[in-house]
Amino acid sequence: CQNGGTAVGEGCACPPGYVGARCQTFNPGGLCHNGGTAVGTSCYCPPGFRGHLCQLPDPASACRNGATPFGTACVCPPGFHGDLCQYPEELHSFECRNGGVANLTECLCPPGFSGPTCENVEATDACAQGSTAVGNVCVCPPGWGGPRCAT
């Protein structure tokens, strides 16, 4: 068999784009369409297409939410996941207070604040001596040190 054909009994199973008893004849009409990839005797279709040669539109399998087809998968934009990028990322349903920063599951509170949404004021844990809270750390002025710039 020629051109990547596979011997089957006394004949050949031809890859997309080739025909003939020995897969010797190029047939451009038999190539994979719409960005499909020939593997063996089949075409693997990109999202949004189906059929033996990927010739049929298939909106149900198309990438969603601005995703980009890449090979046989979808590359999701930020904020989406799933095979077709059809699911929005879980967003936290809380808002951090007093300069707290939300990650996916909780608020990271600056020094001097605590609680699930940084709502509690903890004066004994606050940055001292005019230092500045950056995230959950105190940046001390010259001459002061320690976790809260008290020494």
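Glycine is treated like the rest: Cβ placed from N, Cα and C.
Keep in mind that TrEMBL annotations are predicted by a computer and have not been checked by a curator.
As written in TrEMBL, here are the features:
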DOMAIN    1-24  domain 'EGF-like'
DISULFID  CYS14-CYS23  disulfide bond
DOMAIN    81-119  domain 'EGF-like'
DISULFID  CYS109-CYS118  disulfide bond
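The CA atom of CYS23 (disulfide bond) is located 70 Å away from the CA atom of CYS118 (disulfide bond). The two recorded residues CYS14 (disulfide bond) and CYS109 (disulfide bond) have their Cα atoms spaced 64 Å from each other. The DSSP breakdown of the domain 'EGF-like' (81-119), given as helix, strand and coil counts, is 0 helix, 9 strand, 30 coil. A C-beta separation below 8 Å, combined with a sequence spacing of at least six in one chain, links CYS118 (disulfide bond) to CYS96, ARG97, ASN98, GLY99, GLY100, CYS107, CYS109, PRO110.
Shown are the disulfide-bonded residues CYS23, CYS109; the one with the most C-beta atoms within 10 angstroms of its own C-beta is CYS109.
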